[in-house]
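Colleague: What follows is a structure written as structure tokens; I'll ask about it next.
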């Protein structure tokens, strides 16, 4: 229920009914601006959570918007009226629908009753004209096959009229029950007492005499529109009088939904006009309103409203909302629209356009190339100099504010010449202004224009040098675009500049259509579209002149582009006032010349600069006005113009009169629509040059009249600032910028390279030696253009076509949908944007993606650890896992790395004798140097690690007589510390090769992996390096043993053969070299080509060392070293094999557990699927049962057209195979069945016996009190029951014959224009 609070902000007008209606709407909206209304008795309201800004942000406490049948309304929107049993007539197909029409303070929308889908929406600001169509509607409900339990008490008579009266009562009760089921879905409570009263009323109607048929038929008519007192009471709560629509209403209370069952009567004017429109229900005449709603965006819809209180009130509300004369700006819905911003505010469209930033981008200010020529003046900061100009604009630097003030008085509306754009390469400027006030001379205006003409521009010279600015040769083209019919009393050259006073200026007259010619062309176009014919329509469009006006605009645009881009001359555009055609032409020139304006952001800047800031009269041209800023008069003549005022006057003849402003009918013109249409033409001629698509332009046109945003309200920037629109309303640019990533708004063929815009301006280099003058040939111009092309588009004026997707949109209406965000999407014109103007992405739920993510996270540790040795040691792969699986994955990686190190050491120890060894791709540069200088033996291991290459040098030198063992020295303490630690462990192995030491090594490795969990992947590569170093050490030991044996042999031979020592030494050295090559080959598997040269040098050094060591004594400790190496290798192999077996067992167990879990999950999913299937089957069965109990309707719509002689019919099933809808036109209105006329005469003659029962065939709203009094009246009609029985017995013979004919008619596809007598008897 709405709250009944009074507000002081609303001003009521006693003379205008619309003022009171909109004022109450605004007062209610002010109350509900911070809290959404809740309508508890008409339809359920559900909370709808909008998508949050981020997943991490909390849910803010916000008032939830209202929901109607699972459809979300906009914030600040509430329902005014609900109308049941409305027929939505399709214009192209036969998918006519029966549903409910909702009217809110922003729009009206239609929801189908059977499918619960949103079919159509129309914003209140889009309403242009509502026209009544002549014709009638026939609705017939078939009999149900299943009996109803509520009809068991129908046999209260002991008469023999069961064949007729019981059938009628069954039909009545079934239609009542079905309709109550439909309407009860909108309510929250039921009233069984009233249902019982109505059923008792129907059961007792069998005792009536002559008024029997009338009572039954009247109750059946009530079953269509007012099926039962319970549903009727609910309808009256929402539809009877939610707001006082009388013109004399002066109350200040907000609209409320009355809980009392009150009824109102319709006006006599509407009754007289709708006398020919009838709605037949089971053969009983019922009036209907067939309405054709014409919108400003060329959309056409047709509704058929029931001719009762609710239908008439809905029609009156449409007429009142169609009036565009508002008493106050608070009556606009844009002032009530209040999206929730929360803590994080989205983009603010009011602050998007910054004139200083835009002029800096062009290079007019803030740049060394042009900052000395132009300046930004703030003389109009309070809108005193010109009320329709912006606060900041560009003028020449040499013009003072005094001269500017004098020049403004010489132009219409003080709109003096102002620079708005400069060419990037030629530096030619584009200016705009209005025409002069008279023929008198103004020196200040001449100085201003000369300063604009003398601006620095770049022209080609005769020499092949860099082009220089030339001021003396510059000419300024003054483009006069007013039409010849704009000043009929004077010549076309009046109020134009005198060339004698404006030196080096040329005037070009281009006659563009004025606002009156545009309006006439739009009217012709709308008539052709309303009566569209595929054969003649395209030729008739050419006769409207709309396409000719578009081609004229493109031709003048192309001519100005040649002056700016090809010739390098500045241009000044002006018309009479400079806010209609000047805006069109200036915007189109900049759109073709500057690629930045062809993007979404650039196009918004272009409209904000050229249209909004320079004072285009959006509200006046759209036919809207506010009484506070304009005077209102009554417009009684209707000339059929395509404006809101004309539509009001045309409707006033049929319904009620409305008030409009005098300027609304004469000053309306589709100026902005024509500009958007030309932009669409350019997108088709240059499909890769625009970032936005056709739907982007359609959204802008949709909100031109929707009154949802404050962007296009009022006529100037001053008026918007005075009415606080930036703070009280939302900007359309907020919606477009938040939804700019939407695929429907983007052009998939857009080439971004052509639209890359740099902020700095560049000088034009000389590319041709031919100067460009007025006598330059076209080839020379094209050569200059091609050499200095910057994405300039030259349109084709002849390639103009009709924008069929916009002007013929009624042929492709939006698809019906049941999604909760559908109503918001239709209201905004953009999908995937919520009511808070925040874009959200479509959620794609897939079970496989979730399972695959969990499976990949568990298996990534094993796969990455297995294949990590194929990568370089400095590459690291960090996997994101869940917190519960991190420990398991780390343990797996550590164990697997240990097993791999043991296995690799095993393989390497077994393959040392082989010449070719395959190893991982680890590139390490190693050099081996061994030197001996003294008789003592000292072993030194030095490991130097450098980046990017690791070099390990092993030096065997004897410098001191003592034996010393030194550890490694490192240069980088990051990764190489682990290698040094491993080398220390290997040295300990040489000293104590026992089993305890091996266990200590393993413990040390475990401690290392536990202390460095993040470097587990690095340890694998480091361990490989350790194993390689251990092999190198073993090979060195073998070499030492061989050398010692040779020394012993040489000492024995010296005693016997002293002379042959030198020869033997040479032979022995050769043998030693061959033995040294074999271990060196095993080392070269990980060396690069650079290390081979170092090995050859080391061999020469070994030969010299062996010669010096021949005289030394042998060392007996060599045998011990050989035994230690064999024991360590055998123990490492056995321990590694055991660890591998344990790891494999653990992995197998884990795999089994994972398989069991997956099987359990699959079983659970199967159970869930089965449950869901069972639920769906149950729901379908319940729906089928409900549909069987509901009546099935046949709708026949007959539109009267005297021009057509033959009837045209179209059929299609609505709710079942037996039901059908047929729509056809006929020259004659079908008459009633003669039996029905007999019934009417009988009802008129039996007025005394019928009591308070309404006997008129026309449907009128019968009070509930009359329905409750029927039982008392039935008791008084027992005397005439015998006569009724005799009449019914006479009709028994006719029923059997009529049933046969009725069955045959069910199989036919169409109905005759006039009902046959047999059908009438069957229905009776």
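Glycine is no exception: its Cβ is also placed from the backbone N, Cα and C atoms.
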Colleague: Ranges 624-664, 665-705, 706-746, 747-787: which does Swiss-Prot label region 'Disordered'?
Modeller: 624-664
Colleague: 514, 515, 575, 576, 577, 578, 579, 580, 581 show up in Swiss-Prot as binding substrate; which entry in 530, 598, 621 does that record put in the same site?
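Modeller: Answer, per Swiss-Prot (substrate site with 514, 515, 575, 576, 577, 578, 579, 580, 581), from 530, 598, 621: 621.
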Colleague: For the feature region 'Disordered' as recorded in Swiss-Prot, pick the matching range from 796-840, 1066-1110.
Modeller: 1066-1110
Colleague: Sort residue 514 (substrate binding site) into helix, strand or coil using the DSSP assignment.
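Modeller: The three-state answer is coil.
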Colleague: Listed substrate-binding residues 514, 515, 575, 576, 577, 578, 579, 580, 581, 621 - what's their greatest C-alpha to C-alpha distance in Å?
Modeller: 17
Colleague: In the structure shown, which of the binding-site residues 514, 575, 579 has the fewest Cβ neighbours within 10 Å?
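Modeller: If we count Cβ atoms within 10 Å for the binding-site residues 514, 575, 579, the smallest count is at 514.
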Colleague: Around residue 581 (substrate binding site), how many other CB atoms lie within 10 A of its CB?
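Modeller: Residue 581 (substrate binding site) is surrounded by 28 other Cβ atoms within 10 Å.
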Colleague: Averaged over the domain 'Myotubularin phosphatase' (349-807), what pLDDT does the predicted model reach?
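Modeller: Across the residues of the domain 'Myotubularin phosphatase' (349-807) the model's pLDDT averages 79 on the 0 to 100 scale.
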Colleague: What is the total of other Cβ atoms whose distance to the Cβ of residue 577 (substrate binding site) is within 10 Å?
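Modeller: I get 18 for this one.
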Colleague: For substrate, what surrounds 514, 515, 575, 576, 577, 578, 579, 580, 581, 621 with a Cβ no more than 8 Å from their Cβ centroid?
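Modeller: Here the non-site neighbours turn out to be 582, 583, 671.
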Colleague: Looking only at the compositional bias 'Low complexity' (1025-1043), what are its DSSP counts of helix, strand and coil residues?
Modeller: 19 helix, 0 strand, 0 coil
